4 protein chains.
Amino acid sequence: MAARSETGRAGSGASDVYEVDWREELDGDRLREECGIFGIHNHPDAAAIVALGLHALQHRGQEAAGIVSFDGRVFHSERRMGLVGDSFSDLATIERLKGRAAIGHVRYSTTGETILRNVQPLFAELESGGLAVAHNGNLTNGLLLRRQLVRDGAICQSTSDTEAILHLVARSRHVRMVDRLMDALRQIEGGYALVMLTNKKLIGARDPLGIRPLVLGELDGRYILASESCALDIIGARFVRDIDNGEMVVISDDGVESIRFAKAQPMRPCIFEYIYFARPDSVVNGKNVYAVRKSIGVELAKEAPAGADIVVPVPDSGVPAALGFAQEAGLPFEMGIIRNHYVGRTFIQPTQSVRELGVRMKHSANRAAIEGKRIVLVDDSLVRGTTSMKIVRMMREAGAREVHFRIASPPITHPDFYGIDTPEKEKLLAATHDLEGMRRVIGADSLAFLSIGGLYRAMGEESRNAASPQFTDHCFTGDYPTPLTDLAIASPRQMAILAEAD
Amino acid sequence: MAARSETGRAGSGASDVYEVDWREELDGDRLREECGIFGIHNHPDAAAIVALGLHALQHRGQEAAGIVSFDGRVFHSERRMGLVGDSFSDLATIERLKGRAAIGHVRYSTTGETILRNVQPLFAELESGGLAVAHNGNLTNGLLLRRQLVRDGAICQSTSDTEAILHLVARSRHVRMVDRLMDALRQIEGGYALVMLTNKKLIGARDPLGIRPLVLGELDGRYILASESCALDIIGARFVRDIDNGEMVVISDDGVESIRFAKAQPMRPCIFEYIYFARPDSVVNGKNVYAVRKSIGVELAKEAPAGADIVVPVPDSGVPAALGFAQEAGLPFEMGIIRNHYVGRTFIQPTQSVRELGVRMKHSANRAAIEGKRIVLVDDSLVRGTTSMKIVRMMREAGAREVHFRIASPPITHPDFYGIDTPEKEKLLAATHDLEGMRRVIGADSLAFLSIGGLYRAMGEESRNAASPQFTDHCFTGDYPTPLTDLAIASPRQMAILAEAD
Amino acid sequence: MAARSETGRAGSGASDVYEVDWREELDGDRLREECGIFGIHNHPDAAAIVALGLHALQHRGQEAAGIVSFDGRVFHSERRMGLVGDSFSDLATIERLKGRAAIGHVRYSTTGETILRNVQPLFAELESGGLAVAHNGNLTNGLLLRRQLVRDGAICQSTSDTEAILHLVARSRHVRMVDRLMDALRQIEGGYALVMLTNKKLIGARDPLGIRPLVLGELDGRYILASESCALDIIGARFVRDIDNGEMVVISDDGVESIRFAKAQPMRPCIFEYIYFARPDSVVNGKNVYAVRKSIGVELAKEAPAGADIVVPVPDSGVPAALGFAQEAGLPFEMGIIRNHYVGRTFIQPTQSVRELGVRMKHSANRAAIEGKRIVLVDDSLVRGTTSMKIVRMMREAGAREVHFRIASPPITHPDFYGIDTPEKEKLLAATHDLEGMRRVIGADSLAFLSIGGLYRAMGEESRNAASPQFTDHCFTGDYPTPLTDLAIASPRQMAILAEAD
Amino acid sequence: MAARSETGRAGSGASDVYEVDWREELDGDRLREECGIFGIHNHPDAAAIVALGLHALQHRGQEAAGIVSFDGRVFHSERRMGLVGDSFSDLATIERLKGRAAIGHVRYSTTGETILRNVQPLFAELESGGLAVAHNGNLTNGLLLRRQLVRDGAICQSTSDTEAILHLVARSRHVRMVDRLMDALRQIEGGYALVMLTNKKLIGARDPLGIRPLVLGELDGRYILASESCALDIIGARFVRDIDNGEMVVISDDGVESIRFAKAQPMRPCIFEYIYFARPDSVVNGKNVYAVRKSIGVELAKEAPAGADIVVPVPDSGVPAALGFAQEAGLPFEMGIIRNHYVGRTFIQPTQSVRELGVRMKHSANRAAIEGKRIVLVDDSLVRGTTSMKIVRMMREAGAREVHFRIASPPITHPDFYGIDTPEKEKLLAATHDLEGMRRVIGADSLAFLSIGGLYRAMGEESRNAASPQFTDHCFTGDYPTPLTDLAIASPRQMAILAEAD
């Protein structure tokens with residue numbers, strides 16, 4: 001099947017390369033994205049509200065943003081590369097997005113080949129009317145579905161899983177849109193949250209395990225769907241509840257209807273939302289992210305104390321855990337690293353070489369605060385290790401006497417396939433090195449990770465239930481919550497490597 | 001079904017409106033376009049050759065241009081708003097279009113809603129491999145097909161007939177691409193010429209009546225397909241032959257294979273190509289356009305002589321007929337109207353109000369040549385009459401003593417549905433006025449059209465064969481060569497008006 | 001001193017190279033431009049009128065256009081690369097150009113280094129108020145003036161002579177703007193027409209010899225200045241008179257005041273305006289350009305008849321002379337060459353290599369009209385000869401039996417320094433080859449130029465007055481009407497070559 | 001004289017409005033800007049180094065950035081709207097900036113009228129060679145100088161003080177560039193740091209009082225000039241020393257030459273650099289900014305303790321003072337406010353209405369951290385009070401029981417005229433309200449500012465020396481360190497208001 005790349009371009013032009021290689025599509029970083037979604041029903045300023053909601057979700061994706069509205073007769077769509085604040089702050093754009101219902105999407109920076117046609121929400125005119133879809137997550141059988149669809153004569157314009165969902169809905173033999181959607185959802189596997197807009201309804205759905213988050217909110221009697229509760233706060237909306245795993249909610253003038261499309265089972269949300277992705281002020285599945293991160297710091301200080309003078313966070317994501325660590329350890333908390341906010345997140349930079357430059361561009365040592373000190377450095381996680389290595393070196397060059405590195409999560413040994421961009425297993429430092437090996441690579445005086453048990457304790461659990469884990473935690477455990485269908489088909493080698501690891 | 005409009009926009013953004021109204025799609029001018037197509041097989045500079053060929057076909061469409069190439073592994077596509085010379089003259093663009101086979105398309109200015117995604121060639125990855133399609137013409141059952149396709153779960157991204165063809169090919173149950181194409185062609189009705197590119201082949205096809213033109217050329221042993229022979233001349237290629245009506249030619253490393261996909265019948269090409277569309281130096285279906293136009297002028301001078309001092313063409317399209325008229329009448333030929341070439345063709349300006357401005361912007365009187373003279377004014381055709389009215393007035397203001405208007409074609413009484421943008425019947429001056437009425441509207445001292453008999457004589461025929469006309473001439477006769485399927489479904493009112501007229 | 005180049009660029013950016021080389025500035029083609037200017041006083045739609053006037057003058061410059069208006073309090077300016085019709089056709093742009101007085105400028109394509117900051121009209125706030133200047137022509141002492149100005153502490157932002165004029169006005173010790181302008185005009189040498197706008201007045205000026213054209217028009221009692229009368233016709237304005245050589249006209253609410261800033265002497269307008277530059281329908285210094293060109297054809301047919309079957313113009317500029325030739329010779333006039341109007345003029349293409357490509361892009365043989373014929377080919381002038389060579393070859397390839405080339409002007413042996421882009425002397429074919437040599441280069445069966453006597457006869461003169469020539473004709477005669485001050489300073493080598501030639 | 005505005009615009013166009021009003025120019029916010037400058041001499045990657053340096057200085061200006069390089073023969077310039085990381089991260093741009101010496105500038109967002117031509121560095125070709133200038137600060141006699149320059153025939157293209165400096169250098173009667181610069185510097189008044197590039201030298205200068213900062217660095221033997229030391233750290237350069245007040249340093253292949261252009265006097269740097277502008281990790285005039293801010297927090301906790309449960313900073317600028325406060329007060333430090341980094345700084349947003357929106361866009365309450373708590377809120381300063389008001393309200397809505405607002409600087413009662421964008425006196429909350437009035441406006445339970453004495457103690461001084469203050473602190477004291485020449489001329493009303501205040 002076809003992977004395509006299209007370079008963004010100023011002026012009215014489009015440049016496409018139509019690649020014909022299944023492998024690249026899977027092995028690349030390209031299809032694995034973290035995104036944010038938002039929708040509102042029956043509000044006079046629907047598009048403006050969506051723009052504000054997306055702005056609050058901007059940490060989930062900075063590459064592109066889109067909004068689709070429905071004005072009772074016609075769907076309107078605006079999709080742009082870049083930040084919400086840049087693309088959707090002018091009145092003219094918002095005014096073109098007429099109507100009382102709208103959904104939106106922010107998209108994360110993938111490997112440089114994002115093309116405007118992949119920017120969501122996607123839209124299709126089906127026989128039963130228009131359907132716009134915004135999607136956060138990743139299907140583990142998306143390629144298989146696309147292959148089947150093409151075999152059946154479908155023409156795919158994008159490389160996204162989202163388009164596969166649209167095709168499934170378009171091809172469903174059911175008459176009612178809700179039945180078509182159920183039909184489609186039952187064919188897909190993976191982790192996803194969807195916000196959809198039809199001629200009449202705003203619809204949300206969350207995968208059978210609730211891997212990706214989705215919440216229901218309410219503003220003056222109008223219902224809202226959003227990836228995180230912080231997107232409700234920005235507009236003063238009320239948090240109603242998390243969407244349940246395997247639940248579809250259908251919002252219309254008659255209110256909110258809840259439909260289960262998957263059999264009941266315990267929720268198993270992605271634990272990485274707490275560690276890194278979600279905004280600290282969000283409440284995800286009933287837990288405040290900031291509080292969880294501070295608890296993680298407390299657990300980490302208990303598990304791996306360090307003889308040091310000060311605690312220094314790797315800003316910004318390491319700050320809450322560092323505060324928890326400092327309070328538990330009774331050490332002063334100091335801003336020993338200054339972050340330049342005029343660049344994006346390291347974790348989000350697309351290529352390895354840019355990542356390396358990124359660190360230099362993004363963090364600098366606050367020499368006056370750390371010179372001559374023994375420091376505990378707290379970061380949220382350790383992926384390839386390249387950033388950590390540079391930060392340790394930077395601390396030493398700025399005069400730190402000792403650098404004790406503390407990671408506020410367990411070692412990442414397995415890649416993700418549910419919407420988080422992670423490198424292949426071979427490039428994960430913890431997958432190829434033991435603790436002492438990692439310490440040497442990073443150059444710290446000591447290195448410690450939070451244990452998996454500590455992580456579950458910080459989450460408020462007594463311990464991990466190995467038979468039925470409370471969270472999706474495969475990055476740390478290799479315990480994938482769904483079959484990896486595409487991977488088995490398209491990359492037996494990677495599949496074997498993962499199997500070995502177990 | 002869905003009509004969509006998307007505003008072109010500088011920068012990396014896209015703005016869509018998804019309209020949901022069948023009527024507009026048909027009643028508007030939007031789907032009726034004249035275009036130019038070109039393709040070459042197995043040439044090291046395939047894309048550059050296509051760009052030159054499209055440049056020679058620029059008179060067939062100035063709104064947008066696109067090229068798709070295949071490099072043996074991957075398809076490359078560049079599509080742009082604007083002229084070929086502006087979009088495809090830089091080396092970088094051409095170099096991105098790698099490969100030894102390429103096809104291209106120039107698109108005509110429709111009613112302002114052209115969107116980049118409608119710019120051709122269109123491309124799809126099918127199970128049997130990639131397929132790019134460039135299309136000149138219009139399907140008379142395109143909307144019906146799209147309706148059926150959507151009912152069957154197809155997702156349409158554009159409003160063009162071309163996409164319907166792609167879907168038909170994608171859904172064909174045949175295995176070989178050529179069989180799939182045949183399958184698709186047998187389902188479509190109307191006037192069309194197609195140039196297509198697959199992983200291995202360059203394919204051309206012309207509708208069963210040969211309404212739209214398509215020629216085969218050859219350059220150093222490599223085969224070329226083009227709308228007109230002038231596109232062969234620009235690169236010094238040899239004209240081989242016209243593609244036959246109902247013929248598909250399949251060009252591969254093995255040479256040219258000819259396949260008939262429709263039953264044999266006499267060709268019936270569009271006579272308007274000779275009157276207005278084709279470039280004077282092209283040879284269309286064996287006839288040189290310039291020579292035909294001069295003959296038309298000769299016939300016109302015989303049928304409708306005028307007592308005058310000079311013959312003045314409405315430039316540029318009226319020049320050859322005026323030369324023929326002047327030579328036959330023994331009158332001096334003078335450039336009494338100067339055309340400003342920095343604007344587009346009147347016939348091609350989209351809206352009525354712009355058309356009115358257009359005349360003023362485009363033509364000016366050469367007072368010194370016409371002051372005090374009795375002039376014969378020769379124009380190629382008369383559509384709404386607004387341009388003619390303005391030109392007559394301009395001639396009088398510049399001092400012409402008498403203005404005798406001669407039209408180098410019969411009165412246009414019926415709209416076209418095969419790829420030419422014509423107004424609705426009610427807006428055609430000749431459909432609503434008799435000759436004297438038209439003369440009064442235009443303000444000329446005398447007005448005459450070429451007779452249908454004269455037109456056929458100028459074409460080298462003895463007379464029009466009413467039982468089986470030699471040309472598609474419905475604009476003058478109402479004798480449509482195919483059923484008007486979509487019109488019957490979507491606009492019974494227009495259908496009734498056309499029926500009345502017969 | 002500094003020459004600067006700035007690449008045009010989409011988006012809000014600017015890229016400059018600040019060159020430091022006097023020579024390049026003079027030796028390059030860069031400072032030698034043909035342009036069009038227009039201004040109107042006291043009209044409610046001033047900017048829209050200027051846009052229409054510039055559109056009619058578009059043949060004088062296609063590279064860039066600009067308009068400055070004054071609304072009684074503030075000056076507004078819009079300057080753009082590209083055609084007037086593209087840049088100034090949207091309402092928003094015109095509406096930003098508020099006010100009842102406005103001037104505009106179209107600029108010709110120089111050697112690729114045009115930068116937005118060089119696009120005219122230029123504007124400066126002087127102590128006495130704002131001054132906007134639009135300039136057609138070239139100063140022969142512009143570099144010397146700039147050198148002196150920089151020595152005196154002036155900061156030059158552009159490379160144009162126009163800025164030097166602004167500086168001279170700014171530095172004048174006079175109080176009244178008109179006196180300052182006189183002061184400046186008395187310091188400059190060369191050929192120029194200026195249209196200027198102050199807080200209160202619209203001012204025009206023409207060089208002491210009247211080399212470059214400028215006319216006064218009137219529309220409903222409001223005065224207009226324009227390079228050519230065709231810019232009056234487009235808006236239905238009345239031609240009042242040519243501005244006199246050495247005259248400044250000051251248009252205010254009190255009417256038109258005429259001031260002489262140079263001593264009286266016979267006018268000596270540039271003869272090239274008649275041969276090539278001006279539009280055929282313009283009346284320049286009392287002579288209709290189309291009529292002059294036809295007379296040139298008549299004289300040419302008398303001086304250099306040819307045994308041939310048809311007369312074929314090199315379109316478009318060769319058409320009137322070819323018509324004159326055909327009528328005088330009693331031969332049929334045929335459009336044997338078709339011009340593709342979607343590219344610019346050959347004479348106007350910047351580089352030699354693009355010029356060579358240009359011919360192929362622009363002209364094609366109308367084989368049916370010329371096959372087997374002996375043809376007379378009529379072109380307006382012969383510069384480098386590269387175009388002519390290609391056209392002759394094209395005619396032969398299309399089957400012409402004989403090609404007799406007739407040039408509707410004398411041989412060009414000397415470059416221009418008054419606003420026309422000509423190559424250096426060494427690159428002018430007639431400067432380096434005798435007639436037979438040129439014939440061989442071009443490959444024609446015969447070649448003939450109009451004699452200088454014939455040219456003056458076509459202009460209505462009995463003969464050229466060698467003591468005081470009626471026209472500026474140095475390109476044919478080497479008789480430069482002013483000192484070449486800059487050339488003597490900056491390029492003694494070129495100066496010597498020109499001197500030799502005399 | 002003239003103020004001009006030019007709207008940034010996609011595509012190759014420019015749109016100017018030439019305003020003619022002295023008042024607006026001064027009374028508006030427009031000329032008062034905070035910027036960052038950087039230069040390097042004799043480095044093979046000069047432009048890339050400058051880009052990195054500017055990136056580190058991005059907090060000093062996000063609106064536009066520019067770099068000028070000199071390659072030994074020609075100056076190259078690239079100037080863009082937007083962030084350094086967006087504009088100067090592509091290789092092609094950097095590669096166009098050839099040469100071993102380069103300077104750069106980042107510019108702060110003024111009132112929406114920034115135009116590309118105002119983006120620095122500015123460049124002029126003078127008689128003695130090219131000169132590029134990057135400027136941080138503001139002249140208090142800039143308008144007077146511009147008025148005199150225009151009277152003397154200068155043509156100003158921009159509204160910036162920097163251009164006035166260029167004109168002064170251009171007009172100097174001295175021969176050597178250094179003497180010309182001295183000549184110019186002696187005529188200007190105000191606060192400024194300049195980095196300049198000539199054909200041979202990199203030159204820096206700091207105003208006679210050292211109001212604006214400038215440091216000298218060194219990288220592998222090559223010298224660097226930068227606004228702050230953090231721009232040295234990003235590239236691993238060594239801090240050499242602060243440039244002295246009234247000092248000009250001339251860097252050439254011969255090393256660094258120091259020249260005094262103003263009489264010796266005690267340095268009096270702007271105290272606001274420590275409070276808000278400089279990056280925490282910078283060392284400004286020998287003092288680490290982070291350490292100063294923590295000391296400020298300590299002093300504030302001593303002067304104005306509060307009975308509270310937690311200390312919450314207004315991020316990011318309030319963080320160090322809040323840490324100091326928390327440590328001194330023995331209270332937990334909590335991130336009770338989450339900042340969305342995908343928008344710019346509040347203090348930097350141009351209009352009041354955007355500012356109000358800004359707060360909502362930028363800060364959100366971390367409810368879980370503050371609900372039910374008595375909180376001390378620490379912010380760096382209080383200007384109009386609108387932001388503070390919104391934050392207090394936000395805290396209460398998130399459940400804070402008590403909100404005690406502590407400002408880490410004294411009340412701002414006077415506007416700045418040395419390069420900081422401050423509102424007019426009437427719009428400064430502290431200029432129009434007493435403490436209790438401010439508390440009521442803001443809605444806090446208690447409000448306290450740092451005393452001027454406390455501020456000086458935090459700076460390491462025993463007390464403010466009223467006779468010769470150690471810092472430029474007029475915003476708090478009304479004690480302006482230079483005459484306000486322009487203000488006296490152009491806005492006597494504002495001048496009187498300021499005088500009253502004393």
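Cβ coordinates come from backbone N, Cα and C, glycine included.
Whatever TrEMBL says is automated annotation, not expert-curated.
According to TrEMBL, the feature domain 'Glutamine amidotransferase type-2' maps to B:35-254.
Annotation note: B:Cys35 (active site, nucleophile) sits in a coil segment as assigned by DSSP. Within 10 Å of the C-beta atom of B:Cys35 (active site, nucleophile) sit 25 other C-beta atoms, taking all shown protein chains into account. Annotation source TrEMBL lists active site, nucleophile at B:Cys35.
Here the Cβ of B:Ser317 (Mg(2+) binding site) has 22 other Cβ atoms within 10 Å, regardless of which shown protein chain they belong to. Under the heading Mg(2+) binding site, TrEMBL lists B:Ser317, B:Asp379, B:Asp380.
In the three-state DSSP classification, B:Asp379 (Mg(2+) binding site) falls within a strand. On the 0 to 100 pLDDT scale, the domain 'Glutamine amidotransferase type-2' (B:35-254) averages 91 in the predicted structure. Note: B:Asp380 (Mg(2+) binding site) has non-local neighbours B:Ile275, B:Tyr276, B:Arg293, B:Val314, B:Ser317, B:Gly318, B:Ala321, B:Ile407, B:Ala408, B:Ser409, i.e. same-chain residues 6+ apart with C-beta under 8 A of its own C-beta. Across the structure, B:Cys35 (active site, nucleophile) and B:Asp379 (Mg(2+) binding site) are spaced 23 Å apart at their Cα atoms. Apart from B:Ser317, B:Asp379, B:Asp380, the Mg(2+) site neighbourhood in this chain, defined by C-beta within 8 angstroms of the site C-beta centre, holds B:Ile275, B:Tyr276, B:Pro313, B:Val314, B:Gly318, B:Ala321, B:Val378, B:Ser381, B:Ala408. Annotation note: B:Ser317 (Mg(2+) binding site) sits in a coil segment as assigned by DSSP.
There are 21 other CB atoms within 10 A of the CB of B:Asp379 (Mg(2+) binding site), with all protein chains counted.
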